[in-house]
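Feature annotation from TrEMBL assigns Na(+) binding site to A:GLY65, A:THR68. Per TrEMBL, transmembrane segment is recorded for A:30-48, A:55-73, A:85-104.
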Amino acid sequence: MTALLVALGAAVGAPLRLLAARYLDHRGRAGTLAVNLLGSALLGWLVGHGVDGRPMALLGTGFCGAFTTYSAVAVQSVNRGGWRGFGYAVGTVLGCLAAAWAGYRIGT
Amino acid sequence: MTAPPLRAALIAAAAGGVLGSLARFGLTEWFEVGTGFPWTGFAINVAGSALLAGLAGIAAVRRTPWLGVFLGTGVLGGFTTMSAASAETVVLLERDQDLTALLYAAGTLLAALVAVWLVDRWVGPAERAAAEDAGVDE
């Protein structure tokens, strides 16, 4: 049952990430950055507000997990190369950390 | 080679995303998440990044538009996750495990970048560019 909820969340999250990448990534990978920031903020919120069990499997492990991506960031960063590429990767990680922390803390 | 049409791409991404996410879920269930360094999350993101770079080295992926989206955007995009990496780091910081948090965040990123860079040496720039045109890391 839990695995089914993970699958359901992922079936929504992954295509949404593709949409964001396809329509926004020509602007300096803005789509991939946006999904990573949004997904990190949402997962931070879920963790900070004690969400677990089935809702966490659906929204956290499934949706946020598939909506966000680490591998694309690493590959995009190396392909861009140099300090700009490195800055994109470091900026994404720091930005997502701040987003997750904000979500974790908001309203608690 | 151009990226597949939207409908095919969305279906490929969804199907792959389900498989990749289930693999990630299975690994985190199997290797129970403890209170120390999140090794499972580290391994998933580093290995997934290296595999995504390696897809460009597979001729069938460069030739078949939907396959790159299925394996890249879908399976590996769903397998790796920025949100869990961020949230796990925040949890470590909230537990005052600042050093572990720093090692986890910086260590995952550096290991993933080095892994991708190494795989890229093996793949080659022409194949890399062809794979990008096919939408592998869309």
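Numbers here mean position along the shown chain, with the first residue as 1.
Yeah, the Cβs are placed from backbone N, Cα and C, and that goes for glycine too.
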**Asked** Can you name the far-off residues of the same chain, 6+ from the ends of the transmembrane segment (A:30-48), with a Cβ under 8 Å from a Cβ of it?
**Response** 13, 16-17, 19-24, 55-56, 59-60, 63-64, 67-69, 72-73, 76, 92, 95-97, 99-106, 108
**Prompt:** Three-state secondary structure of A:THR68 (Na(+) binding site) from DSSP?
**Reply:** coil
